[in-house]
Amino acid sequence: MSVNYAAGLSPYADKGKCGLPEIFDPPEELERKVWELARLMWQSSSVVFHTGAGISTASGIPDFRGPHGVWTMEERGLAPKFDTTFENARPSKTHMALVQLERMGFLSFLVSQNVDGLHVRSGFPRDKLAELHGNMFVEECPKCKTQYVRDTVVGTMGLKATGRLCTVAKTRGLRACRGELRDTILDWEDSLPDRDLMLADEASRTADLSVTLGTSLQIRPSGNLPLATKRRGGRLVIVNLQPTKHDRQADLRIHGYVDEVMCRLMKHLGLEIPAWDGPCVLDKALPPLPRPVALKAEPPVHLNGAVHVSYKSKPNSPILHRPPKRVKTEAAPS
């Protein structure tokens, strides 16, 4: 649970602004804004999504700065509520929608600040995913950089030794690497993983559309990555119930529950959200499936100029691809 994760971090005074009031767009305005997002995605050649804790609240994992977030409740001297464990949490509709968007070629890369492992367990391809703050289910060998995805949380935090050794053979016929495996969870002062940060930065700089979901964008440098898209002339869409650090930079701000926004988005794109059939780890993305032939018909909603978005006419541009990451997937030894 994020409660245990937060409790495992070192003491840190500046946790950002917590408990800000939530904003809800009226239903017609929300529908129109999601339609605008669908058009932007359809006409963009490279789309990057940036996700935060807000996409996992529907999975029973509390966020940090929301009205009932871990740190918000901590400031009030109250205990946060939680409904599940990391192992029992199920991917939300948003997690599964992102899987389908990648599968259909609408999503080029995914950058996440979440440590709950739900993107990986949902089946999102790891070669198109940067987990900037780590993953509770992943441990890594510091010698050969091989990562192991476990079926339970690894049990430590702060890049500490987990007590297991790397089993990858150095070369054929020689003994195993036997490097001391460590968790991948960052503490406050730890540097972001070089590879994930490099891929996230490259994807953000080359994208013509960045979409943030369920994040207040307060943590640096993760929260500033979407601005790299803006600096290169791309568009920025922010989906969050609370105000974010970069609202003024956004071309479109959508205030609604992320699951509702993603369900509406998938409907406009003519896509179904797949069901989750249990934990599934996909190391490398599959070739994209054919897209629907066109967007669904535009809804007859007019907002008297409340939404202003410009579009680029590049519906058939190529999709950005990323190199695979060396990953070993297995259950943790008992």
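Any Cβ shown, glycine's included, is placed from N, Cα and C.
Per Swiss-Prot, the feature N-acetylserine maps to Ser2; the stated evidence is similarity to another entry. Sequence annotations record features per position, and here Swiss-Prot assigns phosphoserine to Ser10. Sequence annotations record features per position, and here Swiss-Prot assigns N6-acetyllysine to Lys33 based on similarity to another entry. Positions annotated as NAD(+) binding site by Swiss-Prot, on the basis of similarity to another entry: Ala53, Thr57, Phe64, Arg65, Trp71, Gln113, His133, Gly214, Ser216, Asn240, Gln242, Val258. Annotation comment: Swiss-Prot describes His133 as active site, proton acceptor, evidence class sequence analysis. Per Swiss-Prot, the feature ubiquitin cross-link maps to Lys170.
Fewest Cβ neighbours within 10 Å among the binding-site residues Ser216, Gln242: that distinction goes to Gln242. In terms of local Cβ density within 10 Å, Lys33 ranks first among the recorded positions Lys33, His133, Lys170. Lys33 (N6-acetyllysine) and Ala53 (NAD(+) binding site) are 22 Å apart (CA-CA, integer value).
A Cα-Cα distance of 28 Å separates Lys170 (ubiquitin cross-link) from His133 (NAD(+) binding site).
Nearest by CA distance to Lys33 (N6-acetyllysine), out of the binding-site residues His133, Ser216, Gln242, is Gln242.
Residue density at Ala53 (NAD(+) binding site): 24 other Cβ atoms are found within 10 A of its Cβ, drawing on all protein chains shown.
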